[in-house]
Amino acid sequence: MSTRKAVIGYYFIPTNQINNYTETDTSVVPFPVSNITPAKAKQLTHINFSFLDINSNLECAWDPATNDAKARDVVNRLTALKAHNPSLRIMFSIGGWYYSNDLGVSHANYVNAVKTPAARTKFAQSCVRIMKDYGFDGVDIDWEYPQAAEVDGFIAALQEIRTLLNQQTIADGRQALPYQLTIAGAGGAFFLSRYYSKLAQIVAPLDYINLMTYDLAGPWEKITNHQAALFGDAAGPTFYNALREANLGWSWEELTRAFPSPFSLTVDAAVQQHLMMEGVPSAKIVMGVPFYGRAFKGVSGGNGGQYSSHSTPGEDPYPNADYWLVGCDECVRDKDPRIASYRQLEQMLQGNYGYQRLWNDKTKTPYLYHAQNGLFVTYDDAESFKYKAKYIKQQQLGGVMFWHLGQDNRNGDLLAALDRYFNAADYDDSQLDMGTGLRYTGVGPGNLPIMTAPAYVPGTTYAQGALVSYQGYVWQTKWGYITSAPGSDSAWLKVGRLA
């Protein structure tokens, strides 16, 4: 795996835009491939073309309404960017919320595609066939999200795709730039709990797991919050830790130590919840960041609209025709005032619309507040990315993923900022203060502290609180008069690991 941090950008283009593709009319295609300049191509390691789907034959497929010649033209334009960056990978992404969520239009196909060995083989082969036919460099699966009953089949499907990709890499002589396999992973504990007990098995065949560490707040919640807070704010909301119910088979002491509850729903929490599981290498974890904001109406002004009740509809799609986000032209076009691209937010802030840009130094995120109209917008910008980039480096993560390329401003300032923070020789963040925001404090098998202790001696009777080293870990007795071996019963708690 490359030592360069991954910078993975989704390129989202719906079927109607593919079929009418043009690079000269932004009213038809708001973000054509030509907007990805050579400079931007050099700043990226991956572009994830989105989305393909799984059809009723349980094969990876384009939307049946897609004009194939037009689709090939768009993909060819993307792959041509590799002339400016030979190490750039153009992946294709299967799924997305619309297709794959529990109520998604194709959800049953995702379930059935991993249900039996025959179905998995058919699906895996179709993924590689699409990859080869259209000239992609790998497969990204964005199933949001497998239920517990589907996880074993999902793992088996990933393993089968991995095997085929490895074989294809050798067959095509691509050992210098192998075909890759990635997935989009849950950024919140509720969805993560579906597959958390088998997280290491899911990650094993992957090159990266791209955490969707955004949409952590939205109109479905009763109060406003930051959608991608790096750290927690004691003034903000907390949530029940659903990972306590992830069928891990741990003792109550282990569960409460690993999964404090309630807790702040943050980027840091999601990352640490992955790192605490054994078999999940930090270099495979990719932090997701949003290139868009989430807006709320009907907020109060005591705290700049933060942590306020609101009157924002939570239905999907947006049920009304009241486009209340002042200055948001995209909202009228897309018929939804609750989402605005960074490009649009920048224009709203620069215009004379009454917005204030404010900063929360606990969460390390900006937000917009419109006092007169009672509006609150949570988003990220180049300043918040400084802290997230430093965190990625501190935690030795694989890199960053963002949704999506078309939401940056025309100059690509957000992408350029990420590239600078990771790669610029003259950029130094050693003095950047990460602040005092609330950190996730859970401790599990993968992030136990390094400790030392006397070796366990069989036949010894140990008092309550005694520490011993055994089979690479440090163990502590929960009560006294213990004669059993560490890990053989509930009398011992694993508290550390040996160097």
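Every residue, even glycine, has its Cβ placed from backbone N, Cα and C.
Swiss-Prot names Asp68, Ala69, Gly95, Gly96, Trp97, Tyr98, Met212, Thr213, Tyr214, Asp215, Trp403 as chitin ligands; from the candidate set Tyr145, Tyr355, Tyr367, the record adds Tyr145 to that same site.
In this entry, chitin is bound by Asp68, Ala69, Gly95, Gly96, Trp97, Tyr98, Tyr145, Met212, Thr213, Tyr214, Asp215, Trp403, whose most widely separated C-alpha atoms sit 35 angstrom apart. Cβ neighbour count within 10 Å across all protein chains ranks Tyr145 highest among the binding-site residues Trp97, Tyr145. Counting only the Cα atoms, the space from Asp68 (chitin binding site) to Glu144 (active site, proton donor) is about 26 angstrom.
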